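Here is the structure we will look at.
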Amino acid sequence: MSQDSQHGKWTISSSDDDDEGLPPSGTATSKPHRPAISTHSPLRSVSPPGPKLEPASASVEVKPEPAKTPVSSLVIGSEARQLAAMNQLNPVKYETSPSLAGKRKKEVSDGSGWALSDSDDDDGDVKGKSGSNVPKRAPSPKTKKPKVENERPPSPHGRLYYIEEPEDFFESSVPCLNDTYRFYLNKVTGLDRKYNSGALHIRDILSPLFGTLKESVQFNYCFDIAWMVKQYPSEFRDCPVLIVHGDKREAKARLIQQAQPFPHVRFCQAKLDIAFGTHHTKMMLLWYEEGFRVIILTSNLIRADWYQKTQGMWMSPLFPRLPKGSSVSEGESPTFFKRDLLEYLASYRAPELEEWIQRIKEHDLSETRVYLVGSTPGRYVGSDMERWGHLRLRRLLYEHTEPIPGEERWPVIGQFSSIGSMGLDKTKWLAGEFQRTLTTLGKSSLCSAPPMHLLYPSVEDVRTSLEGYPAGGSLPYSIQTAQKQLWLHSYFHRWKANTTGRSHAMPHIKTYMRTSPDFTQLAWFLVTSANLSKAAWGALEKNNTQVMVRSYELGVLFVPSAFDMKTFPVHKNQFPVSSSSSGFPVPFDLPPTCYSPKDQPWIWNIPYNQAPDTHGNIWVPS
């Protein structure tokens, strides 16, 4: 099979390599290599030289730091993305002549691009790419820009690119929040003020307005330790912080090196016993003098994730401390959130988390109205199959939702920022076990498959975004994976979010839901770190008697019964936020907009030089 496009003919491989050639469980391995991407800014006169880096090792992600930051403290997270962040020299400006554009591309192919944000590491896109598309080190500039204190990290468009946040961007009083669902979007720079009302920045989350912080834990995938520390208010900046990460070997060493100036930062390494898994969970545990709070979110702890991307988070209520002498079973919620959170933390088998497990036991989590949906690496059989991944979601939907008349017409919507390898046809996983999970409604015996809409940005969505083509660095769908599953693209819908003002803020949020045929009601809603991949959600093995999960993921499920509702009404006009609304704040427009025949899904390792983005850039893979 093949498909023609502006980038030539895509040819499908004759075999599905989902798990072929993978090391056995427990084999030590580096994170999968991803092709490096170059993007170049026309603002050459204002773009300082990027940091001079050593060639990437196999599992390091590097994000640009301020010019004053030494190489030793560059951002760590995933390996192949370091290659794409090395330098920002030799910008490629859009040329009207394709021949000129091609000539310039060749001239600058030694340069590399902007930092790449978090992605889901899919298991089917790993083989045969080690060493491919690896950029050479860019030449050192002849003159160095003088060091500037308190300077922002370089952007792909030069230092003048960043829009200064207005004075009220960071809250000085408790923001007006809709406490019904406790689901919030992040603030986005450059939007009309009303679209940031009730949205939260990381500085808001960590501010004294929500509690007097004593200690915290940050679970995440990508970290910029220096930036993260600065997000804590000055009065909490020296409070102990535990970093839970999945980095190994060189990546781990560099991460630890980042924290050398910060003695209050400690580390806990998550065990990754299955090849090509990642620690993708994003969660904050905040312990206050007044109690305890949990935030489950979709943002990495790097600056680029918090300003011009669409992200989501669930923020728990402030959980008070239980009276001394309370039993372990006290303080449980109707959704068993306390039990499930403790089980998730115990799955790390980490001594560093023991004191946090004990603290949670001592608090009252009874006000929680969401269900926890986690993934942890392993192969599970018997009743353990329903503890993690999509089978966990299936069990929750079976137990806590009800069949709906005409449910065969209720579409399923999945929205994500990365796509794994799912096989040569849809029945291999997506339209098989995963769709069965997403279409579960109580004890229904529905046989026909409802419509499935998958939201993933098109090339045009990325080109016209606030960040321009560099936003595509956080949407790592590769041509190697795409050409093996052209069948998937018929499911795709555009990213449009006029209702939240975020149509041009590319999504790093991941959401899944079931909607009524007229898109005014929800049967359930999930926000999670899990992208569309078997690594994240798990895949059945051995004639469906075993499920294998590669990665750590975490999300929260909203079901109407936990809120004394039959369905959630969709809130159409969310901004400015009202604390009294009963509508659910879906982060994008409904109904979704189908790809047109001209639309192509964003693929991050092919060139886009036919049209410039919003900053005059073209996209040139190395």
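Every residue gets a Cβ built from N, Cα and C, even glycine.
TrEMBL labels come from automatic prediction, so no person has curated them.
Copied over from TrEMBL, here are the features:
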{"type": "ACT_SITE", "residues": "His280", "note": "active site, nucleophile"}
{"type": "ACT_SITE", "residues": "His508", "note": "active site, proton donor/acceptor"}
{"type": "BINDING", "residues": "Lys282, Lys510", "note": "substrate binding site"}
{"type": "REGION", "residues": "1-73", "note": "region 'Disordered'"}
{"type": "REGION", "residues": "94-158", "note": "region 'Disordered'"}
{"type": "SITE", "residues": "Ser533", "note": "site 'Interaction with DNA'"}
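Shown here: features listed in TrEMBL, placed on the structure.
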| residue | record | CB count, 10 Å |
| --- | --- | --- |
| His280 | active site, nucleophile | 31 |
| Lys282 | substrate binding site | 27 |
| His508 | active site, proton donor/acceptor | 27 |
| Lys510 | substrate binding site | 24 |
| Ser533 | site 'Interaction with DNA' | 28 |
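A separation of roughly 12 Å, to the nearest angstrom, links the Cα atoms of Ser533 (site 'Interaction with DNA') and His280 (active site, nucleophile). The two recorded residues, the residue listed as 'active site, proton donor/acceptor' and Lys282 (substrate binding site), have Cα atoms 12 Å apart. Here the Cα atom of Lys510 (substrate binding site) is found 12 Å from that of the residue listed as 'active site, nucleophile'.
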